[in-house]
Every structure is written in C-alpha cells, then in structure tokens.
Amino acid sequence: MDPANRPLRVVTIGTGISGILMAYQIQKQCPNVEHVLYEKNADVGGTWLENRYPMAGCDVPSHAYTYPFAPNPDWPRYFSYAPDIWNYLDRVCKVFDLRRYMVFHTEVVGCYWNEDRGEWTVRLRQHVGGSEPRDFEDHCHILVHASGVFNNPQWPQIPGLHDRFQGRVIHTARWPDDYQESQWKHDRVAVIGSGASSIQTVPGMQPTVKHLDVFVRTGVWFGVLAGNTGSQTKEYTSTDKDEFRRNPAALVAHAKAIEDQVNGMWGAFYTGSKGQAMGSAFFRQRTANLIKDERLREGLDPSFAFGCRRITPGDPYMEAIQKENVDVHFTPVVSCTEKGVVGGDGVEREVDTIVCATGFDSSYRPRFPIVGRDGVDLREKWKECPNSYLGLAVPEMPNFFTFIGPTWPIQNGSVIGPLQAVSKYVVQWIKKAQNENLRSFVPRQDRTDQFNDHVQEWVKHTVWKDNCRSCTFLSRRPRLT
C-alpha cells in the first residue's frame, strides 16, 4: 500500500475557534484521514457559546478576528459581541459543512496512550436529553487538544462566598439566562475583578442597575485603536458592508490596516524601548483625560509595564465608573456576610448579587487525565512548571498536539494567526505520519528544554517579566509560561 494513502484517525477535543479551524484544515488538506471532534456543549463556539455576560465580546477588532479562508463582510461592529462571533462561527461551519465531523453533548473524561498499538484511547461520556449518560471509547492515531484555556472559571477564594452569603452569586463565564436587565435593575451588585470580563460587564449593567460596587485590586492599561473611541463600539453601516461585498480587495485592505495597527504595538513591549515609553505616556495621559476623579485615576494606574497584561479597550468602562450609581473600591473582598461583602478596608457593603469577574484557570492543565508514555499524566507534568515544545507539543505525549499551550506566542493582539500556524503544523505531521508510515512521534526533552531556555532568556528583555497577574503567568518556579 502506498504510505501516502495510509488511513489515519484523528480526534480533536473541542469545537471552539481552534477546533473549527482544525476541522477545516483536515477536510481541505488531508485525504484518507477520518476526523471526529468531540464537544461537551450542545453546539460549536466554545468561549463564544458559553460567555454571555453583559457586553461580552472580543477585545480584538472583528476583521482581525476572522479566519483567512472565510473573510466576513457582514461584521456588524468594529469590536463584536459574543453573539456576533458565534453567528460567524456558525456560518463557517454551515458553509464548509464542518458539523458532519462533530459529536455534541459529549465530554472527554480521559485520554490514554497505548504504546503497543501506537494509538490513543479516548474515554467519553455522552449526555443526551434526560437519559442516563452513555460511556464509550474511541481510538485515534493522533490526538488534538483544542479546548482552550478560557472555559474553566476561576472562582475567588473568599470565605462565605458560597455558604454564607444569602443573595445570588454569579461567575461571568456562567452567566444565567434568568438574570438580565429586568432582574438586576432593582439590585445592588458587587463586581469583583478588573480584567476583561469586568471591563465589559460593568458598562453592560451600569445604565440600568440600581447600584454597583466594583472591587479592583490591580490597575489597568486601557487601550484604543484608531477609528474606534467613545462609549460604544463603532458600527459598520449597510454602505460599508455593501462595499466589502462588492469589493473584496477593500475588505482585505481594511482587515490588513487593522492588523497593522494591532501588530504595530509590538515594539512597545520591549523593556526600556522608545515604543514602551511612548505607549505608556500616551495611554496614561489618555486615561487621565477621560477619568476626571483623581482617586479613580490613581487607583487604576498600573504598577506594571504597558502590555504585560492584555491591553483592553475600556472607554465604556471608564465612563461607567464615573456615574452616580457606581462606587469603585481599591481593595480586595476578604469575606462575605449574609447580606454582602467585606473589603480589605474592613467595611461591609450590602448587596443583592455578587458577580465574580475573576477570569479562568489558565494553568494549561487539562481538566481530565491525559496519560502519555510510561504513565505520565499531563495534569501532573504541568502542575509545577508547564512547558512545551513551540507551545504545541509535549515530551512523553506521543502523537499529541495542543492549541494555546505553555509558551504559546501570543499575549496581545489576535489569536487567529498563531492558531492558523498550529493547525498547519498539525497537518504537516499528519501528512508526514502517512507518507513515512510513522507509528509515533514526540518532541525530545532536551530540544524542548533548549526551546524553553531560549524563551526565558528572550522574556528578560520584555514587559512580560513583570508581575502583573496576567494569563501569561509565572508558574510556581520563576519561569514565564
């Protein structure tokens, strides 16, 4: 048999933006490959299906958050909200008929490498309707982990939050359908956190909520891109969209111009650079121009370098926190009482609802066992100091790839380019395994160590060496991952 025609089976975990991309790439480029994607949710979308808190959206301009093979002239806004992005992903799946490879309502409970067979055994649990869950197994030659890092909510460790407080407790990543404007308009709400989800939730609730208490521990760099300022994201007109449809070159030029602006900030992320000094001065002054209250300006002023944490568009947030029905407290919440929250300042503030805008567990560790060669469990391997080869492969995990792994090359800007690079790399290995009849392949530990040593040396010259509570974080050892 011609090795190029060797049949392979690939299992991808997740049908978010990475899984959909993988489905498209394998369909287009990999003949004689059987591909199945397992998804715990009822449909595609991942983050953009699950996150529906007020004003949930992308902090990258819409036309820079688009697959290269599926430009979208119909983006409604410069920065799109979660439903807009889900509609785009849904359309991509329909146009390219990608759902035929996907199995929904099915969670992965464990993955185990079989050395003798050169295959992964994938254990699954399917939930359909009100029936009992069905457990079953699948097998594959290549396993692709595409479940991302923004799907496992990180709850704050606050005494009394879940067992003493008598009101409603919400995490932004699991926003309930029955808590909308008609419910919160009579509520006093505490919002904990100052990351992206808080920066979007606060202006989403402020106009109609009775009162907001916003608790901030960490300062914020508020960003802006030319062409979109003010309290609302710019909307594309019907004329804009008609022009993009008639003139694809104009659509591509618009997308490239946006990407040039986003990527043009790269020089500012080197410590001591002219770009860092100019960027810091510009955005600090812009924030000062928009926030008139000196206490708010000082409390939100970051103690870390511009770019260390992901830069977030924040004009609506800066406007909202200056309204009469909002109080900002620059203190952590240290405990909860039956009626409210107690800050580090010792003051109890009575509230009806607590919103935890505290992000996700971004430790890279999978939620289920992934057990590779010699019984090595990836959860344990990444417990102390996660590392990988190129952010996508791991020693002792044969025939395994992951999207958005440790030392993955993105902190600010769009993820689409790096995701595209990972998907193409996986396709190259699928073809190599077919053409050379490879039973297994895995990165060497010494080469992985060399790569990670290079990363740590490079990071010393950038803003990411700062301690800024970023999702690109310092592990328990002093290494950035």
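Glycine is treated like the rest: Cβ placed from N, Cα and C.
Every protein chain shown contributes to the tally, and the Cβ of Y65 (FAD binding site) ends up with 21 other Cβ atoms within 10 Å. Look at Y65 (FAD binding site): DSSP puts it in coil. Look at Swiss-Prot and you will find T47, W48, L49, E50, D59, V60, Y65 tagged as FAD binding site.
The NADP(+) binding site feature in Swiss-Prot is assigned to G57, C58, D59, S194, G195, A196, S197, S198, I199, Q200, R217, T218; the stated evidence is similarity to another entry. Over all protein chains present, the Cβ of R217 (NADP(+) binding site) has 15 other Cβ atoms lying within 10 Å. Under the DSSP three-state reduction, R217 (NADP(+) binding site) is assigned to coil, being neither helix nor strand.
When Cβ atoms from all protein chains are considered, those within 10 Å of R310 (site 'Transition state stabilizer') total 19, not counting its own. Sequence annotations record features per position, and here Swiss-Prot assigns site 'Transition state stabilizer' to R310.
Cβ neighbour count for E50 (FAD binding site): 19 (other Cβ atoms within 10 Å of its Cβ, all protein chains included). Each of the binding-site residues V60, I199 was scored by how many other Cβ atoms lie within 10 Å of its Cβ, and the smallest score goes to V60. For the pair T47 (FAD binding site) and R217 (NADP(+) binding site), the Cα-Cα distance reads 25 Å.
Taking the Cβ of L49 (FAD binding site) as centre and 10 Å as the limit, one finds 21 other Cβ atoms among all the protein chains shown. Within the set G57, C58, D59, S194, G195, A196, S197, S198, I199, Q200, R217, T218 that the record links to NADP(+), no two Cα atoms are more than 23 Å apart, and one pair reaches that distance.
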